[in-house]
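Colleague: If you scroll down you'll find the structure; I have some questions about it.
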Ligand code: ADP
Ligand code: MG
C-alpha cells in the first residue's frame with residue numbers, strides 16, 4: 001500500500017496571535033487543505049487533515065494509527081513519521097506536551113500517538129495472553145552520528161552496518177524488554193531527555209536530532225504456526241529550517257546543515273520511490289544515516305504513516321508550502337509488505 005499522508009495544522013500560538021499573524025491555511029474538509037496568501041493560492045489533498053480543533057484522540061483514531069499497531073502485531077514493519085518545520089507540532093503530535101516538561105505529567109487527554117499506541121499494544125498483548133514479547137530501542141541521529149538514547153552514560157556513536165540478511169542495522173544497540181505502560185513511558189522519558197536539543201528563536205525546546213523509537217513485537221505463537229516479528233517505529237524528525245530565520249550560527253548552523261542534508265536525502269529517496277516501478281533507478285539510501293535506517297520502511301516491505309505538521313501562520317508560509325510539497329511527493333510511493 002501507499003503511505004498515508006496525514007496533515008496536522010496546529011493552532012496559532014500565543015506569540016503568533018499577539019503579533020497579529022494571518023492564518024493562511026484552511027481545511028476544506030474531505031482531506032483537502034487550502035493555502036491562500038498574497039501570491040500563493042493552492043489546494044493539497046491528504047488521506048486526512050486535522051486542523052487546530054482536532055484533539056490528540058481524534059488524531060490517533062483518524063490517522064489509522066490503531067490499524068498500524070495491529071499490523072505490527074501481525075508481523076509487519078510499521079513506521080510513523082512526523083515531519084515539518086521546527087515548531088510545527090511534531091513532538092506534540094507524537095508525545096504530547098510531555099516532550100516539553102519533564103516534571104509535570106501530561107494530562108491523559110494530551111498524550112500523543114506514542115503513548116496511545118503503547119496502551120493499544122499492551123491491551124492487545126493482555127487479551128492475547130502472554131504470547132507477545134515487547135522490547136524497545138531508542139536512537140537519535142545527531143550531526144550524522146547514531147546514538148543510543150537508552151544506554152546509560154554519555155552518548156557515544158554506534159556504527160551503522162549492512163548485512164545481506166538484516167539490511168541496515170545498528171551495532172550494539174540496546175533493546176529493553178517491557179511489560180507495562182509505566183515501563184515503556186519511562187523509557188520514552190529517559191530517552192527523550194537525553195535527546196540533543198537547543199534553544200533558538202523558533203522553539204525553545206527545538207529538537208536538533210532525528211529520534212527513532214522502535215518497538216519490537218515478537219509473537220510466540222502456538223506450536224502450529226511460526227513466530228512473527230513485527231516492528232513499530234516512531235520517527236520524530238528534526239525540523240527543516242532556514243538558517244537565517246532561526247538566527248543559528250556556529251555550532252547551530254552545523255547542526256542545521258546536517259539536518260537539512262539528511263532531510264534532503266530523505267526527500268530525494270521518496271521522490272525516486274514515487275516513480276513507477278519499471279522506471280526506477282537506484283535509490284540512494286546510503287546518502288544519509290537517516291535514509292539507511294528508514295530504508296526498509298520506505299522502500300521495501302514496510303507500511304508507513306506520515307504526519308506532516310504545519311503552522312497556519314503567514315510567517316511560516318514558505319516552509320509550510322515546502323512541507324506540503326514534500327508530503328504530496330510521498331503520496332505516490334508504494335511498497336509491498
Ligand atoms: P516541533 O517538535 O515540530 O518542533 P513542538 O511539538 O515542540 O514542535 O510544538 C511547538 C509548540 O506548539 C509547543 O509549544 C507545543 O506545545 C505547541 N503545539 C504544537 N501542536 C499543538 C497543538 N495541536 N495544540 C496545541 N499546541 C500545540
Ligand atoms: Mg520537536
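Heads up, the Cβ atoms here are built off N, Cα and C, so glycines get one too.
Curation plays no part in TrEMBL annotations; they are all automatic predictions.
The domain 'Kinesin motor' annotation in TrEMBL covers 2-333. Positions annotated as ATP binding site by TrEMBL: 84, 85, 86, 87, 88, 89, 90, 91.
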Colleague: Just checking: which of the binding-site residues 85, 86, 88 have a C-beta under 6 Å from ligand 1?
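Modeller: Once distances to ligand 1 are taken from each Cβ, 86, 88 fall under 6 Å.
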Colleague: Just to be sure I understand the contacts, which binding-site residues have a Cβ under 6 angstroms from any atom of ligand 2? Candidates are 84, 85, 86, 91.
Modeller: 91
Colleague: Using DSSP reduced to three states, classify residue 91 (ATP binding site) as helix, strand or coil.
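Modeller: Note: residue 91 (ATP binding site) is helical by DSSP.
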Colleague: Could you tally the C-beta atoms, other than its own, that fall within 10 angstroms of the C-beta of residue 89 (ATP binding site)?
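Modeller: Cβ-Cβ neighbours of residue 89 (ATP binding site) within 10 Å number 20.
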